[in-house]
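J.: I have a structure here, written as structure tokens, and I will follow up with some questions on it.
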Amino acid sequence: MDETPAVPARQSAAAGATVAASSLAGLTFSKGHGTGNDFVLIADPGDAHEITPEQVARLCDRHVGIGGDGLIRAVPSRFLPEGRDLLEQDPDAEWFMDYRNGDGSLSEMCGNGVRVFVHFLIAEQLVDLGPGETLTIGTRGGVKKVVRTSNGYAVDMGPWEFIFPKEATSKAMDALVSADGLEVARPGLSVSMGNPHTVVALAELKELAATQLFKAPVVDPKPANGTNVEFVVPAEPLVEDGVGTITMRVHERGVGETQSCGTGACAAAVAIRHWAGNTAPNDWHVKVPGGVVDVKFFPGAGGREHVELSGPAVIVATGTLS
Ligand SMILES: N[C@H](CCC[C@H](N)C(=O)O)C(=O)O
């Protein structure tokens, strides 16, 4: 009988390499997510594991690894130079969220990741945090305060910055963004949440669904360090009972399309609120393919307006690397 040819496995980035080939064999890990933005999590209380970008990519690969949008290593801040700097600012920032994108690249901040990171620290019994209590943590985007709520966590994400390139022609948009499925290039507004975002408003949900995000949208002018691109549709009416609602999809730098992006949801609310003018509310629901996160603007330290991100965090499983 003719042998039917084996169907070649889809060549993934790490095809042929296996996690077992790494020096991480025997290490326990957890898998978690926040509204479908998923992460491989590793506790490293002794800073014993220098996880290389190649190892991150293998572990995050959804065919030859565990699979995840990113990897989060929990390590005491005192072991990292950036962590020691933060401890001088705030000695309570005992644990550091060492976040990496799924391709192994670094990012300054990860909003969904912070919630899952704190949930992981509690699950690992590395911290004790009851409902209503606040934990201070260190990140590459600075010190963050995280409150455990009745149904997840609320994170003070700090202030935002508009990233207007000097050649920006207006304060309403600073980039032109094109993507497969979009008939014409659209204006975008670039916002930093510690990491870069470019927010594009679309007219209706049909257009959002038709936008193809298998590859990175083209942003002009090209941001020097890349950018996460959010496509957003404001609800009609935008505000109900004092709360604004946005529907969003995102193509993440170093990952691809994800089910959710916490810093992206904050950037989306900043942009829509900027475009809507000062009639816009402080409270927002941001609907993403993986669920809903809430964004709130409030007067933060130093007279700057801060953004708070809140939402769920789930640990799905725990295992051992072979
Ligand atoms: N998913 C993350 C954002 C990761 C951003 C990363 N892709 C970057 O390169 O900035 C979040 O929930 O905020």
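Every residue gets a Cβ built from N, Cα and C, even glycine.
Just so you know, TrEMBL annotations never went through curation; they're auto-generated.
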J.: If I go by TrEMBL, which of Asn151, Asn195 binds substrate at the same site as Asn37, Asn101, Gly111, Asn112, Asn228, Glu252, Arg253, Gly262, Thr263?
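T.: Candidate listed by TrEMBL for the same site: Asn195.
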J.: Within the chain of Gly262 (substrate binding site), which residues six or more apart in sequence place their C-beta under 8 angstroms from its C-beta?
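T.: The list for Gly262 (substrate binding site) reads Gly34, Asn37, Cys110, Gly111, Asn112, Gly113, Val114, Arg115, Val155, Met157, Val293, Leu309, Gly311, given in order along the sequence.
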J.: Would you mind checking how many other C-beta atoms are within 10 angstroms of the C-beta on Glu252 (substrate binding site)?
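T.: Excluding its own Cβ, Glu252 (substrate binding site) sees 29 Cβ atoms within 10 Å.
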J.: With a radius of 8 angstroms around the mean position of the C-beta atoms of Asn37, Asn101, Gly111, Asn112, Asn195, Asn228, Glu252, Arg253, Gly262, Thr263, what other residues of the same chain does the substrate site pick up?
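T.: My list of surrounding residues reads Gly70, Ser107, Met109, Cys110, Gly113, Val250, Val255, Thr258, Cys261, Gly264.
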J.: Looking only at Asn37, Asn195, which of these binding-site residues has the biggest number of Cβ atoms within 10 Å around its Cβ?
T.: Asn37
